[in-house]
Amino acid sequence: MIPAHWLYCLMLLLPIESCRILCQASSKSKEKVTSRPHDVCDGVCNNNGTPCFQSCPPDSEGNMKFACKAKKWHKVTETCHTLNTHSIFEEDKELYSVQSSDSTIRTHMFHRELKTIMDTLMEKCPKDLSCVIKGIERSPRMPGNIAVVVQLLHNISTTLTKDVNEEKMQSYSAMANHILNSKSISNWTFIQDRNSSCVLLQSIHSFASKLFMKEHLINISHVFIHTLGTVVSRGSLGKNFTFSMRINETSDKVTGRLLLSPEELQKVPSAFQVISIAFPTLGAILEASLLENVTVNGLVLSVILPEELKNISLIFEKIRKSGERKSQCVGWHSLESRWDWRACKTIQENSRQAVCRCRPNKLYTSFSILMSPNTLESPVLTYITYIGLGISICSLIICLAIEVLVWSQVTKTEISYLRHLCIANIAATLLMADAWFIVASFLSGPVLHHNGCVAATFFVHFFYLSVFFWMLAKALLILYGILIVFHTLPKSCLVASLFSVGYGCPLVIAIITLAVTEPGKGYLRPEACWLNWDMTKALLAFVVPALAIVVVNLITVTMVIIKTQRAAIGSSMFQEVRAIVRICKNIAILTPLLGLTWGFGIATVINGHSLAFHIIFSLLNALQVSPDAAVDSELRECVHRFCG
């Protein structure tokens, strides 16, 4: 066995010391063979952060790394691989059946293998690259083998700089098809280099961009990768490519289409190549390897176009044809390795497909649709929301009308004037917020009207913040009335302070949020006219003030209850009952008025999937302001006198 290894080392021109260590490792592996399972760790799992390493199964190299989570070992990465120069090119496999316990030696040999595979490939079949296909296709799709093939495809794409023919593209696609198989998706999770799937996408696109078409049409079809290419002239009346592929062996076919309009083709000075590559499983592979919380819901279409073509249309059939979740057209950001909704615009969408208009460039060359993970759509919730908004708007209009009718009667004292000033402004701002919310809901959907959406979102943000800050002003006013005598400050000073808090603070917050996030297109959500969360966390500009005000209002309610309880101490039973009723009235009024019910609104932000939170918030939101007018005895008496 030793002479064979020495012969191998001489063939690869490896250092003598490496060969000696390699031979020693081989001898040790023959002396000691264990029968323990290779996918389970033997170490003690004690959650101290120390990983566990296990050796690979026989006839493979590398190791498996485990991490302790919840007192159980979970596999994190795996570098086990069987592919090497000899297994791929059907040479003496015994030369690479070495099992080494030294991870440094394995890593060194792993990189030397990749170089040797590439060198041997260029020596044996440089014209069509076909001599590696059989060896790769019969190899198991373990994580280490996937990494070897990805690196090989990357090396090929960087080595061959021009004049890629159809035969080479056919072989290259066959290699990629093996690791794009739907059965290999779970193994991508354990590849040591998390960017391997990104490297694969970039390598395939780079290699295909060097394709030179002798004929006017190229059609290279495999199960998990399909390439179409043609030559298009400037005067062509549009062009489209249609792909139809299965996600796995049992699924129905899913289609994807690339359309080039005649108007766009007029921008190109002469004949040019158009190449498009479709991947049915690459979206799931990107999700698995990068561990992203996104779901690709269509084919991934990669395009190679001249720079003059600035806009293309793409039609994606949905893999999961659900009407409850919206889809978002996206492009793959090649530098940041993520899906970016700024590359595309959703033109039309239904339960079966989405139509996208995208802007290909050097950063965005691959496109697909994502299923929105947070958009909760339910007919029941929609009805409750709009019915609740209708009730709220009607109540607010009635409340404002009553305030106008009886204003002179209920504002005779300073405290009454300030209290009703807060009530009127809360009603007015909430009315405007509800109205702009309805406008924003009509502008949302598959087709986002960006400028209109920005305006609607700004006003919704501003007026809902104004509601909160006027609630804060009312809470501070109540607190001020309990602790301090009102006539210590002039009335004009108090009014100016209330307006500064109620309108000044939210206006500053809304303007700063817009100015900071909109230049980078991070102000809006991709699927709705509301503040962005995933990219810029602009939603915090609403959640943080709202949460802070809710806490302040809770403290205020507590202090009001304590104060009224103290007033009831020492009185007769009748007075105690009246005090308890008064406390209940305070809670009934202050809870909706001071925004405590908006805690459920924040809960809908934290847990967007909970239908119960959305329904409770919608119902409670309909009760804003109107309870205060309903239980105010002074207001009822004035209305009775006015109507009577």
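For all residues, glycine too, the Cβ spot is worked out from N, Cα and C.
Straight from Swiss-Prot, the features:
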- Cys329-Cys356: disulfide bond (DISULFID)
- Cys344-Cys358: disulfide bond (DISULFID)
- Asn155: N-linked glycosylation site (CARBOHYD)
- Asn219: N-linked glycosylation site (CARBOHYD)
- Asn293: N-linked glycosylation site (CARBOHYD)
- Asn311: N-linked glycosylation site (CARBOHYD)
- 329-377: region 'GPS' (REGION)
- 408-422: topological domain 'Cytoplasmic' (TOPO_DOM)
- 487-493: topological domain 'Cytoplasmic' (TOPO_DOM)
- 563-585: topological domain 'Cytoplasmic' (TOPO_DOM)
- 387-407: transmembrane segment (TRANSMEM)
- 423-443: transmembrane segment (TRANSMEM)
- 466-486: transmembrane segment (TRANSMEM)
- 494-514: transmembrane segment (TRANSMEM)
- 542-562: transmembrane segment (TRANSMEM)
- 586-606: transmembrane segment (TRANSMEM)
- 611-631: transmembrane segment (TRANSMEM)
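Locations of recorded Swiss-Prot features on the structure.
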residue: Asn219; record: N-linked glycosylation site; Cβ contacts under 8 Å, 6 or more apart: Thr227, Leu228
residue: Asn311; record: N-linked glycosylation site; Cβ contacts under 8 Å, 6 or more apart: Ser261, Glu264, Arg357, Cys358, Arg359
residue: Cys329; record: disulfide bond; Cβ contacts under 8 Å, 6 or more apart: Leu314, Phe316, Trp341, Cys344, Lys345, Thr346, Ala354, Cys356, Arg357, Cys358, Phe367, Ile369
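In this view, Cys358 (disulfide bond) is surrounded by 22 other Cβ atoms within 10 Å of its Cβ, with every protein chain counted. Under the three-state DSSP scheme, Asn311 (N-linked glycosylation site) falls in the coil class. On the 0 to 100 pLDDT scale, the model's mean across the topological domain 'Cytoplasmic' (563-585) is 48.
Summarising the environment of Cys344 (disulfide bond), the number of other Cβ atoms within 10 Å of its Cβ, over all protein chains shown, is 25.
When the neighbouring Cβ atoms lying within 10 Å are counted for each of the recorded positions (Asn155, Cys356), the highest count belongs to Cys356. The region 'GPS' (329-377): residue composition by secondary structure is 3 helix, 28 strand, 18 coil, according to DSSP. For the topological domain 'Cytoplasmic' (408-422), DSSP puts the residue distribution at 12 helix, 0 strand, 3 coil. In three-state terms derived from DSSP, Asn219 (N-linked glycosylation site) belongs to an extended strand segment.
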